[in-house]
Amino acid sequence: MPGYPVLPEGIAYGGDYNPEQWPEEVWHEDVRLMREAGVNLVSLGIFNWGLIEPAEGEYDFSTLDRVIDLLHGAGIFIDLATPTSSPPVWFRNRYPGSRLVDREGRVIAGGSRHSFCPSSPEYAAASARVAERLAERYGEHPAVVMWHVHNEYGWANAACYCETSAEAFRAWLRERHGDIDRLNAAWGTTFWGLTYGSFDEVEPPRLGPAGQLTGLQLDYMRFSVEAHIANFRRERDIIRRHSDRPVTTNFMIPNCKPMDYWRWADEVDVVANDHYLDAARTDPHIELSMAADLTRSVAGGRPWMLMEHSTGAVNWQPRNLAKRPGEMRRNSLAHVARGSDSVMFFQWRASRQGAEKFHSAMVPHAGTDSDIWRDVVALGADLRKLAGVRGARVTADVALVWDWESYWALELEWRPSIDLAFRERMEAFYEALWREHVTVDFVHPTADLSRYKLVLVPGAYLLTERAAANLRGYVEAGGHLFVSYFSGIVDEHDIVHPGPHPGALREVLGLWVEEFHPLPEHGTVTLTGASAAGTPDAADTPGMTGTIWSERVRPAGARTVRAFADGPDAGHPALTRHDLGAGVAWYLATALPGRPADGGLREVLRPVLDDAGVVRPRDLPDTVELVRRGRHAFLINHDDRPVTVPGVTGVAVFDGTRCTGSVTVPPGGVTVVELDEEAR
Amino acid sequence: MPGYPVLPEGIAYGGDYNPEQWPEEVWHEDVRLMREAGVNLVSLGIFNWGLIEPAEGEYDFSTLDRVIDLLHGAGIFIDLATPTSSPPVWFRNRYPGSRLVDREGRVIAGGSRHSFCPSSPEYAAASARVAERLAERYGEHPAVVMWHVHNEYGWANAACYCETSAEAFRAWLRERHGDIDRLNAAWGTTFWGLTYGSFDEVEPPRLGPAGQLTGLQLDYMRFSVEAHIANFRRERDIIRRHSDRPVTTNFMIPNCKPMDYWRWADEVDVVANDHYLDAARTDPHIELSMAADLTRSVAGGRPWMLMEHSTGAVNWQPRNLAKRPGEMRRNSLAHVARGSDSVMFFQWRASRQGAEKFHSAMVPHAGTDSDIWRDVVALGADLRKLAGVRGARVTADVALVWDWESYWALELEWRPSIDLAFRERMEAFYEALWREHVTVDFVHPTADLSRYKLVLVPGAYLLTERAAANLRGYVEAGGHLFVSYFSGIVDEHDIVHPGPHPGALREVLGLWVEEFHPLPEHGTVTLTGASAAGTPDAADTPGMTGTIWSERVRPAGARTVRAFADGPDAGHPALTRHDLGAGVAWYLATALPGRPADGGLREVLRPVLDDAGVVRPRDLPDTVELVRRGRHAFLINHDDRPVTVPGVTGVAVFDGTRCTGSVTVPPGGVTVVELDEEAR
Amino acid sequence: MPGYPVLPEGIAYGGDYNPEQWPEEVWHEDVRLMREAGVNLVSLGIFNWGLIEPAEGEYDFSTLDRVIDLLHGAGIFIDLATPTSSPPVWFRNRYPGSRLVDREGRVIAGGSRHSFCPSSPEYAAASARVAERLAERYGEHPAVVMWHVHNEYGWANAACYCETSAEAFRAWLRERHGDIDRLNAAWGTTFWGLTYGSFDEVEPPRLGPAGQLTGLQLDYMRFSVEAHIANFRRERDIIRRHSDRPVTTNFMIPNCKPMDYWRWADEVDVVANDHYLDAARTDPHIELSMAADLTRSVAGGRPWMLMEHSTGAVNWQPRNLAKRPGEMRRNSLAHVARGSDSVMFFQWRASRQGAEKFHSAMVPHAGTDSDIWRDVVALGADLRKLAGVRGARVTADVALVWDWESYWALELEWRPSIDLAFRERMEAFYEALWREHVTVDFVHPTADLSRYKLVLVPGAYLLTERAAANLRGYVEAGGHLFVSYFSGIVDEHDIVHPGPHPGALREVLGLWVEEFHPLPEHGTVTLTGASAAGTPDAADTPGMTGTIWSERVRPAGARTVRAFADGPDAGHPALTRHDLGAGVAWYLATALPGRPADGGLREVLRPVLDDAGVVRPRDLPDTVELVRRGRHAFLINHDDRPVTVPGVTGVAVFDGTRCTGSVTVPPGGVTVVELDEEAR
């Protein structure tokens, strides 16, 4: 199997390149500017199906040949795409049965990308043909160093509800459940008497009354993501017959909820990701870090590739804010710090036409007399100095459990409260740890956890028995586990585990829950201070305020560290600790915020981290981001004041200065230090 | 015809029982726990069509037989359901023409309940067959004491817009209007030239431009509710051929707007109702009382059955708040106080599977070591002590006019203001009277009103000439009538009564309206104080603030009690009184709130009640609920302080103590006193 | 070609007359009251297709004959309608292929008006037939003085997405683009590889994923408005064969965004408009003035007709506020002041039935003992005194560029910010000028601008090269141009002009934009004070606050008048001035409010107006509206205090008093002065 890294040396730098939008004279300027900026890799041909196959079975590679030769001649490597995310107009018209149908039964129009059914056999055939032609032609081309299959699987056609999809779903169900009785049991169809007599009777979860079978809905999500994976596999396997270069596709971690990237992880030779800041967030760089850590985790800790991000504003958010000075550099280097071996952009040159013409680019509409272009050139220079980072790994002592199936299941209708939201809790915990300067991995709940000092479970509403046993084994072997409310409630079919909640975690947590008490909108509860003695009445710290949730915790082995001071569970446990085997299991029964230094998750987690022996810097502002990757320390200052970071000895790679014992990072700046051996 | 009560003695206590969700060993525990809790009635088989008829025409009653025998052996009576609210999956697949189609033309998927067309002849045939089999088999079974046809008619399929429905609608129109000219006149089709040439030309009011014929829309609502009633009648009449037990279905008063329960009232042998608290309300128990009073009124004052409510949280609201301590007991006894002879829950045992697994139950997920279970057992004991209440009636001196047709018509598009909402005004008046400790009946506007001292009309936008004559006759004979703005505007076809507004009520009110002045969003108007002399300039009381509405009232016999002090009608009447024949007719031309003791409806209504001779307790907190049912007084304390209620002499049934002259109800508590003869 | 005016003398006064809704005895009362009110023109037969052609090809003109004769006998003229906006029910049923289909593929139901496809050949044939019959019968009738084709084109069926429409669209594209390569170039289809192989492959822009081709969307809008125009032309040309009376249709300027009224302008013999106040606005009369000025501009400066407005509340807004005392008169006379030669209402008599029964009318439900009726009669008397105004023109020194294509294009998805809204900026500029007592014309960007001292461009996002050249030529020849941000960005196909933004206006403005900086929601930026010396650091005036937008302006000839004091462009230009040829071009790079006297657009524009030599009154409250029409000055006082206006010498036409040098307008009043020759 082809491997990684894809470039002979250094960090890959470049972006999507769409020369078909421009006259040929512009290509030559492009190559000149790419060299000026230090671009060494471009993603080519992502949307050119209609150009290379202008009519069915008629191919025209003349333009592509010229572009590839031009790039090759300039020493720029190519991430060659199959154009299968945007089928040609003729395909749609010739195969109307391939059109995407939404949950309401509406046939989705063309004029954009992704408007095909992922289960369409006509699509499978046509995409395989064009992929094969490309692989045959360019599979051994020296400039082509990797393959970029499709683009952003699941962006607009995550699930289709047409009859072709329905038939494919029924086949998938037969495979998964074997016989209809097992399906009935899994989906709990005795409720409302919805028992199926045969697989033929199953419809997709199209628009219907409230209360649709949640097992049906979850299985349709699983089926749908697997339909996309099958499309990827088909192209990948064709390419592999003609090329030994690594094959990937660009993920959208974590902003494409329907794509379960744990399922995708093993399919690609290199994990690649697209990430865009959410301009409406207060600190969008924290979500960026989370995305990068999750991407690295999906990649199994191996280096990954940032395949797309932006030099400035995007075009598809309500208000597309430009990046502030230095922000593009900070973003880029944060991705590298967290494991990316590339910095790639959408796109090389800003379009004059089409849906994304107001999306920023490496060459903006304004041209090269612009801060964006100067920053692009400077970043290219920076990255050349980071060549030594390539291939290095990031290690983490702490893991957050992230399971897309739980994400899906938690947000189906008719949960105890609409304020129960997967990302809300995941991000609160991530932010608390980020601000405490703790680097985290993300893990599937059935992963090997033995390497972690602390594992946190903020949103595992759905948790299989196998996963629960894994968590329990981790604790018994000495691990520290921290669980948030409404975790471990249902199994993989959304069936409540037997007995009191949280059925899958009662034993490891040493407690059970008598009744949920979701709070009214904007409602709060107060928690008592914590007591080292386990008697919250004699608290050593002040109280704090929870939101969203309260519940009646009944200890059965756990001891109470904080209690509810008011609300429906006043006097009952809010935060508990259970010593089990060689380890510890904590439980928190309300929602605390991730941001403030005191009175929220950070305050709760500090003693938990200490207990678990998680070492991290202290007394640093929570606006500075510190990440170790191999022998390099990345120090990213998100504040407008300089920050001095102690404990850093080595050579600052951008300016070559030595740091002895500490380094001062300028406002908004990034310092990368190659640490001395003894300082690592 | 079979009659009421359904049980040999006492108040019925129990819930929906769905043993098909559980293995048989659980059934035995169920029966043991039912006996512990005092359960004497369960609703059985509501959703088991797919289980008892697993393929078309193939029946399997073995499970049902065993469950019925088990319950019978334990002395638990059965409210046996026909399972026709949730047809089997095979039915849907075999008869695709039976599928529900929504207003936008979308075929509604399965995987939930209620996704069939109420006019489907295939549904009619299939539901008749299964009902007949059940009735044949269990019609004389000694444990089966009543029939529960279907479940919650109109929950998701209140109206269907398929072609079958369209054809049925046309037949219904022929029957109702006789010839097409009468339909044209009724619907006012000359506006926009929408005249029909024949009944064949009529389409249902499917998705269309704004301004669709309101007569068409109202008739479609009438047609649709009658389609459901026809389905009920079919099953009921089949059952009656095989069983002499009372037949009912569970209503959803008042939270299913499309179901005109006045039309339903005479169809059932016993009125049964489902009621759930709206957790987002400030005082949800007042809406509960309104629902109970309206249910009793639909039942013609006879005892009725609370068929479903909840021990704790439901699962389908945005935030499903648990009940507070004592709330389930207060809710249950409030229903009994207002005429229910049963307290039934959805459901007996909390599901592990299906759409409602987070709905509370009598046996919660937490099991029997829980407050919910202890409260369930205690309530069973309470209810045994209330056996003597069974069959007793509640009487009221005051009536509120409630007409579903007016509810429908008022909330069609293109009224003078979107703030005109039926429930808003009905609830404001209900709340004012509740807080003044006045028990009310609800009446259709054509009902015999002679028994009432005061009749209030908060939202009779649509009022027929016959209804208007009824109200006038009531006043002339000495009744007191209180009318709120925008009442009596249109006839049954939504055609404006001739002449100035309010056409149907001008004469009885002694006034006419020159122009409506809806207020802007959040706009207010001030009312002068009231003057006993009818000269608001010399007011005896302070002013108050109205919302939503102002209008130019032109007196024609009425005298002004309060005037508008500002706004578009400053100086003109806001509250008037008209002495007519032996009675009085009041009119209020703006929206006042129902809650505050002063400055709102309560202040306006106090002299009206006095004038009408309505006796009620004074000087009691407005958080205590007082209801007389037969020889029992129910005293429900919704506050967290004890309250002492004077004028109560008798025996408190729960603890057997005697009260002489007054009784103190503990915080959150309920005291029921069997009054001495002389104290009644 | 028939011409204007339509009446032998005076201002036309009346409304829509729908006698078919009433029994014949009411007609006689109608005519009596019309004469009492001075009504001299009614629009007749707008919605009577179903009545005059009750079955296909069967005509019955008996009712219409009688009504026309009755009106004629009373000396009331008739604006005779073709009833083609609301086809009969039989038409819809007989020709189901003619039904409107929305963007989501839903077939739109009947029961209202406008539910037909504008490209339907069956509709074309049927509407032509009925128009021909009417024209034949009444084309020479002496009472019929004009033709009112259809009603409010585009109200609910602006665009249809059925297959018939798709086919018509493809034919239209062939005509427009000639060959498919030109279409591909125009639409920029290389982006996402959406290249068409033939016109047959084009689908309408039905519901699809985000990012649909904007060129496709714009062309569909153009195609759709032309489909309506073709329907109008067909009827108009038929009528012209039988009648020499002017033919019009009633526009909905500016509240029907899909109708590009510049395209419509030359089709009608007289421009007619419907205008309704938006009751939720703070000063709805300013939007009214804008509508009137835009209508006059569409009419090429010639007199136009106010075809519909309201005496009081409408029925289709969320809260339909009544008009305040005097407001109907102010509204009516403001329309006349700005060029209308008529005051017409919807409708004569308030309906008892149908969708608009709560819409006010000349004869309200309350009848003639009402302020509305008294105001209607008084207005009729006023208008008779304004007979001399008829035909006079309004002239303006200032023009605002208004282009419906830019309106459409700017509000397609994926622009830099959703706060970019065409009307928002147009109305801000209009309001600023209105409050500065400056009368404006609206112009298409390719219009001859030579007559204007100042031309403002608040929202020309889409600007063709031809239009840009026109603006540049205007400045070079001595004109003053004022451009707001995000103008001149794209061409007619929504393709970005080459080079830095704003591509079409860089040269005339003497600057380019390096990067857009849309502001976050509710974000603001501060502008420095202005400096006459062009050095904002030494400002002569205080700063001001911008919203929505900031950007990096790079001067290239322009000088900075104000700079950004904070935000992403602090220290860079916010307001610039460029002297070019004999003229001046200003540019403002943020959004300032139109209302306040200081700190907003008014403050910015005052020196601009002065520079351009725009004379206007000073020191008058900004609540008084002043408009010159021919030899008459209209003074409309929107305040509740009297206002004295200097510089007015002549005769007040309503009371005949002479004004010498000034006139005092009472609170809420309107004074019209026929100016002395020398005072004009």
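Cβ coordinates come from backbone N, Cα and C, glycine included.
Automated prediction, rather than curation, is the source of TrEMBL annotations.
Taken from TrEMBL, the feature domain 'Glycoside hydrolase family 42 N-terminal' covers C:16-386.
Annotation comment: TrEMBL describes C:ARG113, C:ASN151, C:TRP316 as substrate binding site. In the three-state DSSP scheme, C:ARG113 (substrate binding site) falls into the coil class. Here the Cβ of C:ARG113 (substrate binding site) has 26 other Cβ atoms within 10 Å, regardless of which shown protein chain they belong to.
Summarising the annotation, TrEMBL assigns Zn(2+) binding site to C:CYS117, C:CYS160, C:CYS162. Under a cutoff of 8 A between CB atoms, and with a sequence separation of 6+ in the same chain, the neighbours of C:CYS160 (Zn(2+) binding site) are C:LEU100, C:VAL101, C:ASP102, C:CYS117, C:PRO118, C:SER119, C:SER224. DSSP classifies C:CYS160 (Zn(2+) binding site) as coil under the three-state reduction.
Under the heading active site, proton donor, TrEMBL lists C:GLU152. Non-local neighbourhood of C:GLU152 (active site, proton donor): C:SER85, C:ASN250, C:MET252, C:CYS256, C:ASP274, each in the same chain, at least six residues away, with C-beta under 8 Å from its C-beta.
Neighbour list (C:GLU308 (active site, nucleophile), Cβ cut-off 8 Å, at least 6 residues apart, same chain): C:GLY15, C:ASP16, C:ASN250, C:ASP274, C:HIS275, C:TYR276, C:MET344, C:PHE345, C:PHE346. In the three-state DSSP scheme, C:GLU308 (active site, nucleophile) falls into the strand class. The active site, nucleophile annotation in TrEMBL covers C:GLU308.
Within the model, the domain 'Beta-galactosidase trimerisation' (C:396-614) shows a mean pLDDT value of 96, rounded to a whole number. The annotation domain 'Beta-galactosidase trimerisation' is assigned in TrEMBL to C:396-614.
The domain 'Beta-galactosidase C-terminal' annotation in TrEMBL covers C:624-674.
With respect to Cβ neighbours within 10 Å, the binding-site residues C:CYS117, C:CYS162 differ, and C:CYS162 shows the lowest count. A 10 Å cutoff on Cβ-Cβ distances gives C:TRP316 (substrate binding site) a total of 14 other Cβ atoms nearby, all chains included. For C:ASN151 (substrate binding site), applying a Cβ distance below 8 Å and a minimum sequence separation of six or more within one chain yields C:ILE46, C:PHE47, C:ALA81, C:SER85, C:SER86, C:ARG113, C:THR249, C:ASN250.
Distance from the CA of C:CYS162 (Zn(2+) binding site) to the CA of C:TRP316 (substrate binding site) is 28 Å. Here substrate is bound by C:ARG113, C:ASN151, C:TRP316 per the record. The longest Cα to Cα distance in that group is 17 Å.
Listed recorded positions: C:ARG113, C:GLU152, C:CYS160, C:CYS162, C:GLU308. Those with a CB under 8 Å from a CB in chain B, in sequence order: C:ARG113. The record gives C:CYS117, C:CYS160, C:CYS162 for Zn(2+). Within 8 Å of the mean position of their Cβ atoms, the other Cβ atoms in that chain belong to C:SER98, C:ARG99, C:LEU100, C:VAL101, C:PHE116, C:PRO118, C:SER119, C:SER120, C:ASN157, C:TYR161, C:THR164, C:SER165. For the recorded site, C:GLU152 (active site, proton donor), the DSSP three-state label reads coil. When the domain 'Beta-galactosidase C-terminal' (C:624-674) is classified with DSSP, helix, strand and coil residues number 0 helix, 30 strand, 21 coil.
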